[in-house]
Every structure is written in structure tokens, then in C-alpha cells.
Amino acid sequence: MIIQRVVLNSRPGKNGNPVAENFRVEEFSLPDALNEGQVQVRTLYLSVDPYMRCKMNEDTGTDYLAPWQLAQVADGGGIGVVEESKHQKLTKGDFVTSFYWPWQTKAILDGNGLEKVDPQLVDGHLSYFLGAIGMPGLTSLIGVQEKGHISAGSNQTMVVSGAAGACGSLAGQIGHLLGCSRVVGICGTQEKCLFLTSELGFDAAVNYKTGNVAEQLREACPGGVDVYFDNVGGDISNAVISQMNENSHIILCGQISQYSNDVPYPPPLPPAVEAIRKERNITRERFTVLNYKDKFEPGILQLSQWFKEGKLKVKETMAKGLENMGVAFQSMMTGGNVGKQIVCISEDSSL
């Protein structure tokens, strides 16, 4: 069977910005028969995420992410439907997901590496398993729970950078749900600021591209900052940390402003900012959601419940077609998305 797949065509270079041309689509032949334990799946939706920028380098700089190889298929979060199965626990018509889904229209996969999902958890919105009711949702929920030290009724202020992205848009809402009295988002357009305050319930939003970020933050956070959900790093984070209170907490989710730079992760803070962090006893620890697998199942159920109750609003930016994986990735890395960036590969989930 001839299918289409996306392979890594070139590397951006250690400090280069990724472009769509770093990827290419090619035809590929799948075996005609399945081995025991395998399933044939049709891909419905694929995810593009900031962490993938690290996988474009020869060395990812982390021990839990393997780099993509040139001329080899790229992979990431994906969801699809089983078309044929030689696996004991999976049957034709099952919906399955994986963190290592190949960027292909169809694939033959080891059934043990797939997780069966229940469409009822997302009211039929299968792509949500790649966002709010999937890894970004778990990253936001577990990150805030484990590293935010939020206690309801203690009048805490939370700031979220990259607030209109997949994790940021969820983290701010979760901050409110867990007890923060004030949540402020930082993003890069007025449209995104309005989205945060009018649709997601953020109390204020700061546009880092207009005006002085530190001044806007002082106005939005008169009592200082107690919890900082950091998606971006760099100058924005330095401005936030400078206004954090004593014994406050940084949830280090990502550093998208630094992913194209050849620096260690997490990047060290400038000496003046690091001095503030130490003086005020601000915690700043790397957070990796994969270290909390025991919390995944209850986390997914909690996220699904909030979504069904209308307490957790979900926003997606949807591209269409496998040929647009590179375009969608480049757009997401430059802030072109609101909410989770998804690529629809096949809309028809029926068999």
C-alpha cells in the first residue's frame, strides 16, 4: 500500500529558526500484511509542539527526547482509527493515540505502544486528546498542581507567558479553578489579549509587543506575582521574575524563545535576575510531565470533567493536510496559533 509521510529534509542549524522547507512529503510503501501484535491505523489528527524544535537538532540536549534523523519520518502526538488489527486488545474501529505517532497518512504500529481512547471524554472532539484532554492539558494541570503551590483563599496572583498557546491557555484557567484570585496572561497580539480576557476568564492580559512589559505587569499585578507559569523564557520571564514575591514559584513549562538557541535547558538566568530569585527564595525547577505518569489517568478525568461542565474552554487552530505539517509547525513557533495547533490529516473517522 502506498501512503504519504513527512520526513526531516534539513536541520535549521543550532541557532536557526525552523521553516516549512525543513520538512518534505514523500510516498512510502507499507507492508501488505500485519505481524502478530501490530495494527494498521489511519491518521486523523497530528500535533505540532514547541518541544519538537529540539528534535530538529543533531542533539536534543535532553535525555528523554531523541533527535529526528534526516530523511526519516518525523513523529509526535497523534490520534487515529484502527483499520485492521492483530493485537489482542485492539479491534477495527477503535480510536487510539500515541506520543510517538509517525507523520503518515496511514501506519502499521505496535499495538502495545498505543492507548485506546474514549470519544465520550471529549464529546466526540477527537483532536482534544492532543490538546486540552491530552499531553498539553496534563502538562498544565500537573505543572500547576505540583509546582504552583496554590492554596484557595490565599489571594494569589498567577502570571502565564505564552498565554494564548496550547499550555498557557489551559494553565491560566486551571490556576483560577484551583484557587488563584487573579490570573494575568502575556501574549503577542491585541486579538490574543482579548481572547484571554473575554473568552478564557483571565483578569488581565499584557501585550509584550506594545509598550513596556514591566510597566504593564506592575499595573496588572499590583500585589506582585506569586505563581509564574513560564512558557517562553528570555526577556519576558526576566521582567516577570523581577516582580515576583518572596517564597513564590516558577513553573518551568517551556522556553520557546530559547528553543532555537544553542543553550542548556533550562537556560540560566542573567546574574541580576538570578540574584533576585535567590534573595526572594523563588523556586525555579525544571518540570517534565513524563515524570508524573501515575497522575495521567486521574488528570485526564479531571480535565474532561471541567470541559464537560463548561469550566475549561478549549481553543484550537486547525490546519488541513499532511503537506501542511511544516507550515503549521513554523506558524506555531512564531505565534501564529491561538490555543492548540493541530493538523487534520483525515476528517472521516468512520470505516
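Yeah, the Cβs are placed from backbone N, Cα and C, and that goes for glycine too.
If you check Swiss-Prot, you get these features:
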- Phe99, Tyr100, Thr288, Val289, Leu290: substrate binding site (BINDING)
- 165-168, Lys192, Tyr208, Asn231, 253-259, 287-289, Asn337: NADP(+) binding site (BINDING)
What is the nearest of the binding-site residues Gly165, Gly168, Asn231 to Thr288 (substrate binding site), using the Cα of each?
Asn231
I'm trying to understand the geometry here, so how far is the Cα atom of Leu290 (substrate binding site) from the Cα atom of Gly168 (NADP(+) binding site), in Å to the nearest whole number?
18
Between any two of Phe99, Tyr100, Thr288, Val289, Leu290, the residues recorded as binding substrate, what is the biggest Cα to Cα distance in Å?
17
What is the nearest of the binding-site residues Phe99, Tyr100, Val289 to Asn231 (NADP(+) binding site), using the Cα of each?
Val289
Tell me which of the binding-site residues Phe99, Tyr100 sits in the most Cβ-dense spot, judged by other Cβ atoms within 10 Å.
Phe99
Closest of the binding-site residues to Gly168 (NADP(+) binding site), Cα to Cα, picking from Phe99, Tyr100, Val289?
Val289
Should Val289 (substrate binding site) be counted as helix, strand, or coil on the basis of DSSP?
helix
For the C-alpha pair, I'd like the distance in angstrom between Phe99 (substrate binding site) and Gly165 (NADP(+) binding site), rounded off.
19
